[in-house]
Amino acid sequence: MGRLPEGALMQRAAHGLAAAVADLLGATYGARVRLLVGPGDNGGDALHAGARLARRGARVEAVLLAPQVHAEGLAALLAAGGRVLEGAERERPDVVVDGILGIGGRPGLREDAVAALGAVEGVPVVAVDVPSGVDVDTGRLDGPHVRADLTVTFGTHKVAHLVDPAAQACGALHLVDLGLDVPPAPVEALQRDDVARLIPVPGPFDHKYTRGVVGVRAGSEQYPGAAVLCTSGAACGLAGMVRYVGSAADEVRGTHPEVVVGAGRVQAWVVGSGGSEGAGEALAAAAEDGVPLVVDADAIAHVASLGAGADVLVTPHAGELAALLGVDRADVEADQLGHARRAAADLGVTVLLKGRRTLCAAPDGGVRATTTGTPWLGTAGAGDVLAGLCGALRAAGLSSYDAGSVGSWVHGAAAQLASGGGPVVAAQVAAAVPRVVRDVLDGRPLS
Ligand SMILES: NC(=O)C1=CN([C@@H]2O[C@H](COP(=O)(O)OP(=O)(O)OC[C@H]3O[C@@H](n4cnc5c(N)ncnc54)[C@H](O)[C@@H]3O)[C@@H](O)[C@H]2O)[C@H](O)CC1
């Protein structure tokens, strides 16, 4: 591709940004748009988008938050009828465009920016590229930052769009393609097509053994239901057969007559959901088979006993990961990417750190963020189902990294389907998995 003319990328960005703001406004003519403008090209995007909106009849005013801002952008805004806001303004705008800091910004905001944001509390905010003040490359929130209703980004998603807590500050995401070849992203997000490509689909000569047998060692006298739910995730139809070993055999058999009770040859074991004090022993027994392991809940504390060569997918929530690493839960929640990567590298395992934006981190540094799901998924037993689902995918031949990231994507989509916007329980999530897989493989929109 030949060199682009000077400013072409910014014009493409400004075009996409202005269109997204106009969509949010509904009617542009007469709408009051306030630009918060920083010193760099991020501010230039905002100014040029403001000029486009002004030419469509919007009343655009810019608050300049630096001694020097993007000169061409400012000239374009003024030429289009926009103005610079001097001093306090009584009238509230209909929308605020955050062009303070983009990918060149350091975390946190200066006082004048905080004050300018305070003056428009409650007005919808559209962030340019990233919400100003977030840590773009880690997803941390170390200091004052913008909380946007919509973030319009360019070229490719950045870490702050995909990883909490910063991802929560982005609001809805809109990606504008600038026509650039983008470098590989430090954090990926599987899309439907990726999941369709990775889902194990049986061939005409496959049978239950060639499709993979997944073993489940879960549940206890105290938590027999966890065994049923973990088995429900494993028995979603993605593996050829499920074996169950544990104290909840009657409950499991009663719910899943197709499950074979008793030990036998498996391609992967899922261990720990509801395991209580017996989880360590169950993990040791599973490890003797020398097959890949999915380690959940009460078995996670025993991961270090598995030795270096084990092929392990561990599925902690923030508290379990904190305990594994010997840090505070709050530290994990504040730096989810950093702690998931650290555990994967230190322990040589794949880590599926569950949360609003579940992260799958491989020992080689690869990280995928899950973008499906719903807050209704915060329900008892959902993690048991997820562990079983990942175990089925691992037994069916996916790597631990693919099994964790695909399992998390399907689990979130199944929760969205089962929830339909309302309450859902873990068993309903498991029951929705086959429908999600069908829709993904058929290319149909997720129902
Ligand atoms: N990447 C692309 O293809 C395109 C990017 N565009 C836009 O450009 C910005 C990045 O612009 P840049 O000038 O590099 O950085 P910023 O606009 O983020 O400004 C950084 C500037 O601000 C100062 N600064 C840094 N941290 C702080 C802080 N915490 N408080 C106050 N000031 C701070 C520092 O001086 C920096 O120099 C990108 O995000 C896109 O919006 C193109 O327009 C389109 C193509």
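The chain as shown is numbered from 1 upward.
The backbone N, Cα and C atoms fix where each Cβ goes, and this holds for glycine too.
Some features that TrEMBL has for this protein:
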{"type": "DOMAIN", "residues": "1-186", "note": "domain 'YjeF N-terminal'"}
{"type": "DOMAIN", "residues": "191-440", "note": "domain 'YjeF C-terminal'"}
{"type": "BINDING", "residues": "Gly274, His317, Ala318, Gly319, Glu320, Leu321, Ala322, Ala323, Asp384", "note": "(6S)-NADPHX binding site"}
{"type": "BINDING", "residues": "354-358, 374-383", "note": "ATP binding site"}
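TrEMBL feature annotations superimposed on the structure.
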| residue | record | Cβ contacts under 8 Å, 6 or more apart |
| --- | --- | --- |
| Gly274 | (6S)-NADPHX binding site | Ala218, Gly219, Ser220, Gln222, Tyr223, Pro224, Gly225, Ala226, Ala227, Cys230, Ala297, Asp298, Asp384 |
| Ala318 | (6S)-NADPHX binding site | Arg329, Val332, Glu333, Gln336, Leu353, Lys354, Gly355 |
| Glu320 | (6S)-NADPHX binding site | Ala297, Ile300, Ala301 |
| Arg356 | ATP binding site | Asp164, Ala167, Gln168, Gly373, Pro375 |
| Thr358 | ATP binding site | Leu352, Ala369, Thr370, Gly373, Ser408, Gly412 |
| Leu377 | ATP binding site | His411, Gly412, Ala415, Ser419, Val424, Val429 |
| Gly381 | ATP binding site | Gly225, Ala226, Leu229, Val425, Ala426, Ala427 |
| Gly383 | ATP binding site | Ser273, Asp296, Ala297, Thr315, His317, Lys354 |
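Lys354 (ATP binding site): 23 other CB atoms within 10 A of its CB, across all protein chains. Here the CA atom of Thr379 (ATP binding site) lies 21 Å from the CA atom of Ala322 ((6S)-NADPHX binding site). Mean predicted confidence for the domain 'YjeF C-terminal' (191-440): the pLDDT average there is 97. When every Cα pair among Gly274, His317, Ala318, Gly319, Glu320, Leu321, Ala322, Ala323, Asp384 is compared, the largest distance found for this (6S)-NADPHX site is 19 Å. For the binding-site residues given as Ala322, Asp384, the lowest number of other CB atoms within 10 Å of the residue's CB is seen at Ala322.
In terms of local Cβ density within 10 Å, Thr379 ranks first among the binding-site residues Pro375, Thr379. DSSP classifies Arg356 (ATP binding site) as coil under the three-state reduction.
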